[in-house]
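A.B. asks: There's a structure below that I have some questions on.
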Amino acid sequence: MTDQQYQLLQKFKLDKSKISYRTHYNPMLLQPIPRTIHRELLGISSISLPFQGADFWTLYELSWLNKYGLPQVAIGEMIIDATSDNLIESQSLKLYLNSINQTCFSSEQELRNTLITDITKCINSQVKITIHSLSQWMTVPILEFTGECIDNQSIQIDNDNYIFNSNLLVNSVEREKVKETLVSHLLKSNCPITNQPDWGSVQISYYGMRINREALLRYLISFRKYKIFHEQCVEQIYCDIMQFCLPNTLSVYVRYNRRGGLDINPWRSNISYSPVNRPLARQ
């Protein structure tokens, strides 16, 4: 992220006077972040994206009042397409959902319609929202990323390897062409707005020249001090691998740990791809 882009993001920092939890419904709490801020750095045009994808959100702290004033709880799933103009700053979504806690809705469908209306306006695109009862969610099995884990390598990591560096992927491919899926649970980046850590697991599926595992792991570890949104991080990984490794096909899927009652799980791909939207062990 350039200094100019970082300064631009500062205007999106939440006003401290707004961070206190509101008990009255307020859709104005939602903070959109233009996707173009980071895509311009990557040389991506929103008119012709080099990938398809979506951002899977899980809303673990969804609560409201029914028409009798009785509190209700549920778990929500939200899918935002990568073509949306904006992403949502996660803390603002948390504050927005909290503003619903003391709001009466005549039905679960009215709540869902309200969420869809407000979030659609925020991202300037359609959104899919599903509300699950706790009993329904109890049946959702834990997902284990398929693929070969690259984390258990006997390599030395120096302090300068914790500074983001796309060039770690330079000359990182071998002549042999393969179709494989690689997994790492060591991804960590930081929120540009709150500076809080974001812990994630990444699954990289590709067909092309074999990617050197050590180089790839060093590259992923270099995000450790980097300030970048979840959605931007997956696009950075996708674009860097495409640029330096030149695969014919590529799919990148990252599932991030829950923070503030929310988890965000973005994926990007240049092929027909339908990732499984289920929680990992750390989620």
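Backbone N, Cα and C define each Cβ position, glycine as well.
What Swiss-Prot records for this protein is below:
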{"type": "BINDING", "residues": "Ile88, Glu89, Ser90, His230, Glu231", "note": "substrate binding site"}
{"type": "BINDING", "residues": "Ser90, Gln91, Arg259, Gly260", "note": "NADPH binding site"}
{"type": "ACT_SITE", "residues": "Cys191", "note": "active site, thioimide intermediate"}
{"type": "ACT_SITE", "residues": "Asp198", "note": "active site, proton donor"}
A.B. asks: Between Gly260 (NADPH binding site) and Glu231 (substrate binding site), how many Å separate their Cα atoms?
C.D. replies: 17
A.B. asks: Show, in sequence order, which residues other than Ile88, Glu89, Ser90, His230, Glu231 on the same chain lie with their Cβ within 8 Å of the centre of the Cβ atoms of the substrate site.
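C.D. replies: Filtered neighbour residues, in order: Ile33, Asp55, Leu87, Leu93, Phe229, Ile264.
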A.B. asks: Select the most exposed residue of Ser90, Gln91, where exposure means the fewest other Cβ atoms within 10 Å, treating these as the binding-site residues.
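C.D. replies: Gln91, out of the binding-site residues Ser90, Gln91, has the fewest neighbouring Cβ atoms within 10 Å.
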A.B. asks: Give the sequence-ordered list of residues that share a chain with Glu231 (substrate binding site), lie 6 or more positions from it, and have CB atoms under 8 Å from its CB.
C.D. replies: Arg35, Asp55, Ala82, Leu87, Ile264, Pro266
A.B. asks: Beyond Ser90, Gln91, Arg259, Gly260, what residues of that chain have CB atoms within 8 A of the centre of the NADPH site's CB atoms?
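C.D. replies: Going along the sequence, the neighbours come out as Leu93, Lys94, Cys191, Thr194, Gln196, Gly261, Leu262.
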A.B. asks: Glu89 (substrate binding site): which of the recorded positions Cys191, Asp198, Arg259 is the nearest Cα neighbour?
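C.D. replies: Going through Cys191, Asp198, Arg259 one by one, the Cα closest to that of Glu89 (substrate binding site) is Cys191.
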A.B. asks: Consider the recorded positions Cys191, Asp198, His230 and say which one has the Cα lying nearest the Cα of Gln91 (NADPH binding site).
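C.D. replies: Spatially nearest to Gln91 (NADPH binding site) by Cα position is Cys191.
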A.B. asks: What is the separation, in Å, between the Cα atoms of Cys191 (active site, thioimide intermediate) and Arg259 (NADPH binding site)?
C.D. replies: 11
